[in-house]
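Reviewing the structure listed below.
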Amino acid sequence: MMRSVGGGDALHNVNNSTPFDNNLSVGVAPSSSSVSFLEEAYLDRINTTAVGVGHLKKLYVPPFRGPFFVSPDIFAWIVPSGITALLVFGTVYYTGSQQSTAGLISLFTLLGIAFVSSLLVGVTDPGVYPRLGHGERDPLESCTHLPICKICNMRRPRRAAHCYSCGVCVLEHDHHCGVIGGCVGSRSLRWFTLYLLSISSASAMGVYWITMSLLHPPANSDRPTATELMKQRARHQNQASLQTAAHIFLLIFIGNIVLLVGGMGLYYVYLMSTDTTRREAQGKAQKTNLDSYVHGIEGNMCTRLTFNTRSVLNRLYRSFFMVPQSMLVSRGVSTSEMKPLAKGREDPEPEGLFE
């Protein structure tokens, strides 16, 4: 996602171009701004100590290379996952015999994406701006226009906010999702959005299957003869009533998921394409020095009100594939590649897919 300077992705905005960047300057702060230049001081911060992670738990799981940062309420993920599993079982039980193999594979692929992405929200670094380590000096202490986090006892960058569940400040903090047990920030927003889109798509498939099953009940090759049907009429009527009631229950429940979760998923795609968090959209985030945040009136008009295909693709590409590096792990040699360009240098000419 294209961020304003001082946000979690400023590192990437200056030194990394996307395939859709042709002559596009979305979210790039004026180089003449001395205030913005001072705010870039925090970009190279790294704190790998336990102090930096707050309430998160650092966990190493072989054979994965990097550590996981487990949310304190990660076990909340079990509840929506369990409900989803029950709904899937009911849908497949009543309608699976009418579906093709390709349809079932598509359903379980979407569900697999949903389970993995929702879990990643709760076990990855959401974009933590770590607390100061022992003897570390606040790199933003001279930026008196920035707010001070009284809990972390340091100034926090623009668009960052304190997450009380995680006990740390999070860059571009959107919200802490208690439903799936994870914090949504600059590094985890992509997983949260992917979860919303995948689970709503799978639910939409379920709604379609159940509706078609109600309109066109499956033929039963073991259907009893006329004599047997007369003898067992009451029992079959009860079974038919129970199946119809189950279909209607699943249809209502899953239909609400499509409306609520699907609508939220589309809303988050919109937020990502306009480089906005939900906190900012709802007016919850305190905006100091507003004109710097929106890059001036002209920049705001260009980046937030103009919807052309290239700019939207550019922001979505950045949101999913150009997240900032974690400040909770050592970066090694890759750190030098992520540093902002020296003052006076120009961005490299990007190669675009959309000329």
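The backbone N, Cα and C atoms fix where each Cβ goes, and this holds for glycine too.
Listed features, source TrEMBL:
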| type | residues | note |
| --- | --- | --- |
| TRANSMEM | 74-96 | transmembrane segment |
| TRANSMEM | 102-123 | transmembrane segment |
| DOMAIN | 148-281 | domain 'Palmitoyltransferase DHHC' |
| TRANSMEM | 192-211 | transmembrane segment |
| TRANSMEM | 248-270 | transmembrane segment |
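Across the domain 'Palmitoyltransferase DHHC' (148-281), the prediction's mean pLDDT works out to 86. DSSP assignment over the domain 'Palmitoyltransferase DHHC' (148-281) gives 78 helix, 16 strand, 40 coil.
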